Amino acid sequence: MEQTLTQSKAGQHIVWLDVARLVAMFTVVCCHSADPFNFFPGTSPDIESIKFWGAAYGAVLRPCVPLFVMITGALLLPVRGEASVFYKKRIPRVFFPFIIWSLIYNFFPWITGLLGLNPEVILDFFPYSGEDVMRQSFAVSMGYIAQIPLNFSLLAVHMWYIYLLIGLYLYLPIFSAWVEKASERAKLWFLAAWGVTLLLPYYNEYVSEYLWGGCSWNAFGMLYYFAGFNGYLLLGHYLRNHDWSGRQLAFIGIPMFVAGYAVTFLGFRHMTSLPDFTDEMLELYFTYCSLNVVMMTVPVFVLCKRANIKSERVRRALANLTLCGFGVYMIHYFFTGPSVVLMRAIHIPIPLQIPCAAVVAFCVSWFLVAMAYRCFGKKTKWVLG
């Protein structure tokens, strides 16, 4: 989703980061294609298979968002130049498409009502959306729009990342000042402290809500300032400058990924088997800032770094995705739900429905954004990033 062309300090294109972006973009589309499985409305004789494959794919795809943040860290740390110049360059290109597409998503239920469509079609597009939007009411849409300065709506769930991305952009020049001066040892100590915070979601769930000074009047415990996605920023920056051998990838990376996946999948299946679970319990093992997800993400990032793309055609396609990637993220959520409906209608086997739907949604989104850039040129960035 970092839309800027990836350039090295010498001005050369960094192809392996384009590969990482392709993996991140496709996996996030695939992840959202799993939503109609993990939040399946109604009943079905295949419900157990639907839930199983939703969990299986949902778990293996957790590196999607961390990869995006690591790519941002690898590209932008340390930030060069003044913070004001950085903000002026980065934030408007994210902010304006975010506002435009948030409006479009939130007006969608009302538009379906104007077109005389059955309210059930909204659930085909947005399985999270709930009962309120089924009214196809202008007032409901306006209520969601009024909340945009505060948070995303259930019709635009994927926009949560844009709030995060803007926050990371605001933080980057400040964090960068430390990164630029810090020694390798200091960076590793920061990552170690961050690693401890990756266990906090489980401590809070299974042991106690509070730890290390946290209490009802203080939500900022001892390691709060090391927690969150800033760790992924630094990790991306660090791994960009440190290579893994094939042997390390085979004997460290693969076991890391398998162990992380096992915890993620089995934990999610356990939570969904409970008779009553909260949203927080449902997302616990899918939490991006958790040790199991980091264990899956690092090997994927390192594997992408080893990519050696020689085909000029493939390189151009990857560079085009870099240009179109933010736009693909903006619009893909319109296509994941209908793509799953299509896969079910043409009787694709359940184990293959999620990746097949993701391929359709991804390709349609990429094609539309690429055509917009071809037709309207640089002006497209104000709508599609």
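Backbone N, Cα and C define each Cβ position, glycine as well.
As given in TrEMBL:
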DOMAIN    15-368  domain 'Acyltransferase 3'
TRANSMEM  59-79  transmembrane segment
TRANSMEM  91-111  transmembrane segment
TRANSMEM  160-179  transmembrane segment
TRANSMEM  186-203  transmembrane segment
TRANSMEM  223-239  transmembrane segment
TRANSMEM  251-272  transmembrane segment
TRANSMEM  284-304  transmembrane segment
TRANSMEM  316-335  transmembrane segment
TRANSMEM  350-373  transmembrane segment
Contact ranking winner - 91-111, 160-179, 223-239, 251-272 against the transmembrane segment (186-203), Cβ under 8 Å:
223-239
Stretch among 59-79, 91-111, 160-179, 223-239, 251-272 sharing the most Cβ pairs under 8 Å with the transmembrane segment (316-335):
91-111
Before we move on, state whether the transmembrane segment (160-179) and the transmembrane segment (59-79) share at least 3 Cβ pairs under 8 Å, counting only pairs 6 or more apart in sequence.
yes
Tertiary contacts of the transmembrane segment (91-111), as residues 6+ beyond its ends and Cβ separation under 8 Å:
3, 119, 122, 125-126, 129, 133-138, 140-141, 144-145, 148, 152-153, 155-156, 159, 162, 165-166, 169-170, 326-327, 330-331, 333-334, 381-385
